[in-house]
């Protein structure tokens with residue numbers, strides 16, 4: 001998770017760094033102005049402005065969301081970090097200690113989380129656990145009850161559903177382990193260089209609808225790029241349909257958010273006595289300063305806000321799923337589980353009250369046949385990106401990359417399942433639309449990362465205010 005995350009390449013919007021002068025002289029800009037001067041006002045393809053997001057996130061949402069993510073239900077994430085890269089064999093594994101991930105011991109994970117998926121209530125899970133056990137045996141046994149047989153077939157259908165945007169880990173694999181996200185935080189690890197750049201290069205070059213003839217600005221694996229390539233790239237980008245343009249912005253927004261985290265939790269001091277992590281202003285400037293990045297930095301930050309709006313909208317749409325009385329954030333601790341569900345619903349209703357939600361109705365509109373093909377292309381491209389995460393050579397980067405891509409994929413699944421959500425039964429398992437515990441944990445932790453990034457931008461803005 002080193003400097004490669006800093007080469008954030010693709011973002012929308014134009015950047016013109018304007019100074020105000022008197023008598024022909026311009027006062028020197030502060031570092032904060034160079035990073036943030038164009039990160040204000042309305043976002044492209046949206047009716048929302050940056051300032052509204054800052055106020056809503058930093059003062060109404062962020063504190064409560066962090067409290068929720070510290071609870072047992074959300075801190076333990078099951079992941080397989082040993083899956084082989086499906087695209088190439090020459091992966092150089094990061095040998096630095098900060099790249100390592102420490103999995104949980106069996107007795108560290110609450111029994112309620114380990115014993116079943118806990119998609120619904122404890123009672124409903126007795127049926128679901130039986131279904132999933134039967135499914136793993138590979139057949140719908142006639143000795144099972146009619147209700148169980150139906151559930152087996154419905155969940156098989158769900159697992160193969162065209163609404164899934166990620167290739168999720170097989171959590172039944174012996175290589176899948178629980179990880180405590182609080183003890184394995186996302187931060188700078190020192191993973192960098194060509195091997196690291198290769199990951200993002202493959203994502204952008206092969207999975208973001210870009211023809212090879214269009215050159216990306218500031219591509220660290222390319223040489224001889226100039227202003228004409230940048231102009232060509234943004235002319236091409238603006239000419240894309242709204243769905244493909246949004247795809248680019250989501251990926252680059254995710255890239256930007258990761259960079260903010262790494263700059264905010266940078267290893268500032270490493271001695272035998274202690275490690276000191278904190279804000280690295282220089283690192284942040286290298287990634288986002290308008291001059292140092294030739295105008296790319298502010299574009300990157302705007303796309304981060306775009307990603308925030310997409311995930312926020314998904315959370316507002318899925319409220320009915322979590323409001324159902326059968327649903328629990330089940331860990332086995334009844335008091336804590338009830339309190340956490342109450343906090344979850346408070347957060348979701350706060351999100352629902354946000355006044356300027358993104359309008360996803362413009363996506364996949366028009367001719368039904370063409371819209372369905374575009375949606376399928378969109379889904380397959382994102383699914384491929386989720387597979388690329390198994391090629392990351394730093395295990396901690398791989399962990400957070402897999403979690404955040406699964407979280408974004410879950411958000412997209414929600415946005416494109418509006419009718420299924422509306423038709424859910426009031427109680428009992430929902431066969432047409434449901435979220436697994438993995439999807440729930442990744443969805444909220446991924447949004448928690450974006451929310452943290454928005455909060456950290458306020459911190460960096462203050463830190464850079466008096467630097468020139």
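Glycine is no exception: its Cβ is also placed from the backbone N, Cα and C atoms.
According to TrEMBL, the feature signal peptide maps to 1-23.
Residues or ranges marked as disulfide bond by TrEMBL: 94-99 (among others).
Under the heading FAD binding site, TrEMBL lists 187, 189, 200, 252, 255, 287.
The feature active site, nucleophile is assigned by TrEMBL to 394.
For 394-397 (among others), the entry in TrEMBL reads disulfide bond.
Look at TrEMBL and you will find 397 tagged as active site.
Fewest Cβ neighbours within 10 Å among the recorded positions 394, 397: that distinction goes to 397. Minimal Cβ crowding within 10 Å, among the binding-site residues 187, 255, 287, is found at 187. Spatial neighbours are here defined as Cα atoms within 10 angstroms of one another, and by that definition residue 94 (disulfide bond) has no neighbours among the binding-site residues 187, 200, 255, 287. In terms of local Cβ density within 10 Å, 252 ranks first among the recorded positions 99, 189, 200, 252.
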